[in-house]
Amino acid sequence: MNRDWQQTSGTVADALRIERVAKRFGAFTALDGVSLSVKKGEFLCLLGPSGCGKTTLLRIIAGLEAASDGALFMTAGESERNVTRLPASQRDYGIVFQSYALFPNLTVAQNIAYGLKGRREDKALRVTELLALIGLPGAGSKYPAQLSGGQQQRIALARALATSPSLLLLDEPLSALDARVREHLRREIKALQQKLGVTTIMVTHDQEEALTMADRVVVMNHGVVEQIGTPEDIYARPASRFVAGFVGQSNWLAATSAGVGQVLLGDALLGATVTPPRPDGHPLELFIRPEDVQLHANWSPAEAQVANTALAHVRKIELLGGFYRIALSVPGWGSQPLLADVSRGEFERLNLSPERLVPVSLPANRLRAFVPAGAASAGATA
Amino acid sequence: MIALRARARARIAPERSQYAAAGLLWALAAALVVFLALPLAAILGKALSGDDGHFAGLAQFVAIAGGERFWSAVSNSLAVSVTTTLIVLPLAYVFAAALTRTRMPAKPLFRALALIPLLAPSLLPGIALVYLFGNQGVLKGWFPDGSIYGFSGIVIAEVFFTFPHALMILVTALSVADARLYEAATALGAGRIRRFLTVTLPAARYGLISSALVVFTLVIVDFGAPKVIGGQYNVLAVEAYKQVIGQQNFPKGAVIGVLLLLPAVLGFVIDHLLQKRQRALLTARAQPLVVKPNVWVDGLGVLACTLIGAAMLLILGTAVAAAFIKLWPYNLTPTLAHFDFDNMDGGGWAAFFNSVKLALATALFGTLTVFGGAYLAEKTPVAPVARQLVRMLAILPMAVPGLVLGLGYIFFFNDPANPLHFLYGSMTVLVLCSIAHFYTTANLTATTALKQLDAEFEAVAASLKVPFWTTLWRVTLPVCLPAMLDIARFYFVSAMCTVSAVIFLYTPDTVLASVAVLNMDDAGDTAAAAAMATLIVAVSALVCLVFSLTAWWLGRKTQAWRTR
């Protein structure tokens, strides 16, 4: 919540401003009027499925691709300048590509020093400093091919940071690595970014990566921004059906709208967050995360009073490591399948078994209603 | 207008260093137009003009089609080309299969033997055949009454000449194999023959078609071998040469040149279409085939390769031996008399040194031009029109026989109205023609090497504010050094051996070794011709050796990063 306040205060200068940037390849629109601004020192993630335009946007920011329309502004020192038509070399950023693009015939030290100017001793000093920073001291005389993927990735990062650019661009920097290394590097990159305070934009299709690393996440789809917000915003309060579906696990239940803040699910009236309000009888899709579905040990009068509660059949119980995933169906709510995640401790307390009926409630503040995907184009933007 | 303006607005201003790249690209595009496209246009123009020099439409074609001499040349050319293709293909296939699909010993040796013909001009096998089966030949009984002069002689010489070309394509085609397909076929109970017919052959079919097209085209446009061993057997390529050099009938020569362009262009187009389909044939998940030793198969491989290799050596050896023998076959005392070129017609030792000069200049400037062009076309974002032009013109020479290019050069540069007329007859024009003639293969090598480099190197360099030439010097060139040496070696050897393009362009001052071979053979100094051909092979082999050693030495010095 603290972060939300910071963002709206507007006291922090924007390191980068993107205004209605569009990119068309012939008849295909890769980006359709994207606007966003990046605060100084912020870690911003561009998240979306492949082909959503996130990489195109990064390449436009880098000056590797020209925007068909719109403008880009970068802050250098105190003044903001329009960089829309400036070549890459005049934009002041460092970049790490998915392939790392390390020069294979140069040593690690030569790679890191590639963009450095000045005296030889100063360069050597800076390289030593950077190698220590990325935790690979003494690797300077090796060639890239002699290093592991994770090490190469860090060298590429050091090379991008060597000239102390005001902006760091990361193009899916972790996707070529295996899962364990990836998780470790996630933390390292984030820690490094915080230590240096360098404004960073990372492109990724991995939601976990975006949620764990970013200060703010930009979710993109079909060349437009679906939502910009903190990881918490994106996960808990998705602004569109796409975001809700793309990030995390979710239940989807077909329902219809019925008055302000209410929906009709099966035969029951439930309280839900319906934004924007819809006329009665409008088809809706209810969204709730499995971990937000609450199960109760027994059907006491107290539980019966809780809103949005009904009895459910337990259909299937799956152990997924740290928690159980329970498949339910609620006859009173139209018997649509419903998943609930419960911790191991909770599971023992509930004493669940496939034969039992269990009271289940869907907290109204976690139950969000969206217009179904098919009808979305007509309704969502209205 | 609006669309144009919008597009202009949507561009990023080029970096200052890129203006230099754009300038170079346009210069190269212009050079390719002048030294490739315009000479070809000139030959077309000449073919469409009458004897008086005015436009005459297809009159020349009609006139030439009326002559019986022309049709016999056409049918002879086709007969020779088809026969050679039918002989070379199975031989090269067996050789390639032995190299790639058996565990026979001494593979590098056999490979080197098979590539020998690349070091020699196509005149050499012709000369060797004269000594083997000709009127004074040691084995003249095999071809009684001089029947080697003509169809059989040409075919044997062309088989020798085209064998390595077919072999290289087939080795490439056969060295990629998906082991899973063979395992599946074996598991389904397919025997050896069925596996060959259903797995091996379909995978190699594009290679087979491609090598057939290459061999056919090489033979139909070659005039070295038929000139030496063809006797009265008239083929199109020789006919074009006779029309231009002998009778100074330029339009008629141009018409034959245009006709010779047809099979080459057709083959080129078919090959291009096939290559697109070939790519889809191989999947990334293919498992490499590991060949198991098999005494019978390996033994047969050795036998086949030994026989073919021995035939190669016999032909080369005969030419070399003839160069050092006083009077074949009557007086077999060794002598160096045949190397006394200065006392013979044909150009003397100057011809030899001219050839070395030409080869060196072509290797140097050709490599620089080709590599620079490929680099700019692949790695810079500027001058998109020029880049496209360079790419298109770079693949054109593959479809243009040397003979046609040479004719185009005379028509274009011999025209007094041409401001570049002063180049005619100079060494420079020979170098330019050789660079253009072999441009495609060299360009392919350069492009392949460049494509293996990460496409983001330039983007990273730009983000680090490093101009492109620094990255070119520090990264691209060192990484591509082996490919550049390859290009230089290829240019040197090709320039050393070529006859077809330069035969129309030399003057008494710039006569070349390969031309001297032809002239001395024409004058009856066959032994001297053999001696000069031997020298060409020796220099080519020596240069290959030097290049291999240089590559090895440089590899140790600058390519340490390749070893893990």
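Each residue, glycine too, has its Cβ placed from N, Cα and C.
In TrEMBL, annotation is done automatically, which means it is predicted and not curated.
Note that this is a predicted model, so its numbers are computed, not measured.
Feature annotations, reproduced from TrEMBL:
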type	residues	note
DOMAIN	B:74-271	domain 'ABC transmembrane type-1'
DOMAIN	B:352-547	domain 'ABC transmembrane type-1'
TRANSMEM	B:21-44	transmembrane segment
TRANSMEM	B:78-100	transmembrane segment
TRANSMEM	B:112-134	transmembrane segment
TRANSMEM	B:154-176	transmembrane segment
TRANSMEM	B:196-221	transmembrane segment
TRANSMEM	B:254-274	transmembrane segment
TRANSMEM	B:295-328	transmembrane segment
TRANSMEM	B:348-377	transmembrane segment
TRANSMEM	B:389-410	transmembrane segment
TRANSMEM	B:422-442	transmembrane segment
TRANSMEM	B:490-507	transmembrane segment
TRANSMEM	B:527-554	transmembrane segment
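Residues 77-78, 80-82, 84-85, 88-89, 92-93, 101, 158, 161-162, 165-166, 169-170, 172-174, 176-178, 181-182, 185, 190, 236-237, 260, 263-264, 267-268, 270-271, 274-275, 277-278, 281, 401-404, 500 of the same chain sit 6 or more residues outside the transmembrane segment (B:196-221) yet have a Cβ under 8 Å from a Cβ within it. The highest tally of CB pairs under 8 A with the transmembrane segment (B:112-134), across B:254-274, B:295-328, B:348-377, B:389-410, B:527-554, is held by B:295-328. Through the fold, the transmembrane segment (B:21-44) approaches residues 14, 254, 257-258, 369, 372-373, 376-377, 380, 382-383, 386-387, 389-390, 393-394, 396-397, 400, 404-405, 407-409, 411-413, 415, 420, 432-433, 435-436, 439, 468 of its own chain, all at least 6 residues removed from its boundaries and within a Cβ separation under 8 Å. Sequence-distant contacts of the transmembrane segment (B:295-328) (same chain, at least 6 residues past either end, Cβ-Cβ under 8 Å): 91, 94-95, 97-99, 102-106, 110, 113-114, 116-117, 120, 124-125, 127-129, 131-132, 136, 160, 163, 334-339, 526-527, 530-531, 533-534, 537.
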